[in-house]
Amino acid sequence: MKRDLYEVLGVAKDADADEIKKAYRKLARQYHPDVNKEADAEEKFKEVKDAYDILSEPQKRAQYDRFGHQDPNQGFGGGGFDGSGMGGFGDIFDMFFGGNGRRANPNAPRKGSDLQFGLSIDFIDAIFGKETDVEIPKEAECDTCLGSGAKPGSGVDTCKTCSGTGQQEVVANTPFGRIVNRRVCSTCEGKGKVVKEKCSTCRGSGRVKVRRKIHLNIPAGVDDGAQLRVTGEGEPGANGGPPGDLYVVLRVKSHEFFEREGNDIYCEVPLTYAQAALGDEIEVPTVDGRVKLKIPAGTQTETFFRLRGKGVPHLRGNGRGDQHVKVRVITPTKLSDKQKELLRELAELSGEKPGQHGGEDEGFFEKMKRAFRGE
């Protein structure tokens, strides 16, 4: 049984779009197969993505809130009635007026289906953007039969089963009375036509599998889960209809040093207790290269410093976010006799005795050690 989508993302049913996006980004980062090596990570990542794809779209979310996981177009089951083929107002007219509803023309031009392709990019490429070529597996119109599915020189006949409508009518008796239900014709698969001899290249489908090279311009500032739309690079249309679109979903790899929250970047750098106590000027890595950062005397562990304009470029508009640098004071694990002696002298100069604990008489040395540990 499928889990509730709000439960999957860990948000309330009245959560707004920002809350849903924030929850998705957190879970996507946690379960991304490039980061999480657990056996079920990929399955959880897909579950999170599927939940976000629905809840992030207002129309899909409204439909889910109303019908849940059930297909809203699904009819009644059992009783000799199969509602799987029902859809649209034409079927309702069929039910009450004996099949006079408007039918869709199976030979009318139809737009091709959209394609989705996942692309992993490096953290730095997401910050500054990148131009790249990717090969997309897709279907294309068969060059031999030009999409008809028929062997060149052979004809195409109107389907005798459905008389070219592409649909079969099935009569069912239900507790509600006699119902006429339409479903896709099993002979022509909804096309309304049947080829006399199938094309040997595509075996009658009118399509062949290809790998198409697509040039992508990834803009600076994209985040994990962003989609790039490439118009006309989806599946081919039917009966002369336009092709669908290609949606490239970006998966940003994690970085060993930087973390990102919105347009801001976070990192952590170590300090010795001497640097923290006396102050210093250190070099800090940024996505632009190393910069100088002044550490004032008396800096405590887990203090944050801001490097303005060193974050992520705004995807829409000018400017960049900031980089936040958290310093962590490192307590030495091994001290030489000379170092221990100097620390004891420092404690004595402060009027305290090392080794004492509690109240105002607590030794300076122990206080300092715990401060360095962040306690």
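Cβ atoms here come from the backbone N, Cα and C positions, even for glycine.
What you are looking at is a predicted structure, and each value in this text was computed from that prediction instead of being measured.
As recorded in Swiss-Prot:
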DOMAIN    4-68  domain 'J'
ZN_FING   129-211  zinc finger
REPEAT    142-149  repeat 'CXXCXGXG motif'
BINDING   C142, C145, C199, C202  Zn(2+) 1 binding site
REPEAT    159-166  repeat 'CXXCXGXG motif'
BINDING   C159, C162, C185, C188  Zn(2+) 2 binding site
REPEAT    185-192  repeat 'CXXCXGXG motif'
REPEAT    199-206  repeat 'CXXCXGXG motif'
REGION    349-375  region 'Disordered'
Whole-number Å value for how far C159 (Zn(2+) 2 binding site) lies from C199 (Zn(2+) 1 binding site) (Cα to Cα): 18
Lowest local Cβ density (other Cβ within 10 Å) among binding-site residues: C142, C145, C188: C142
Separation of alpha carbons, C145 (Zn(2+) 1 binding site) and C162 (Zn(2+) 2 binding site) (Å): 24
Length of the line joining the Cα atoms of C145 (Zn(2+) 1 binding site) and C188 (Zn(2+) 2 binding site), in Å: 17
Helix-strand-coil residue split for the repeat 'CXXCXGXG motif' (199-206), DSSP-based: 0 helix, 0 strand, 8 coil
Cβ neighbours within the same chain of C202 (Zn(2+) 1 binding site) - under 8 Å, at least six residues apart: C142, T144, C145, G149, V208
Cβ contacts under 8 Å made by the repeat 'CXXCXGXG motif' (142-149) with residues that lie 6+ beyond its boundaries: 156, 195, 198-202, 204-208, 236, 238
Arithmetic mean of per-residue pLDDT over the repeat 'CXXCXGXG motif' (185-192): 81
Other same-chain residues whose Cβ falls within 8 Å of the Cβ centroid of C142, C145, C199, C202, the recorded Zn(2+) 1 site, in sequence order: D143, T144, L146, G147, S148, G149, A150, K198, S200, T201, R203, G204, S205, G206, R207, V208
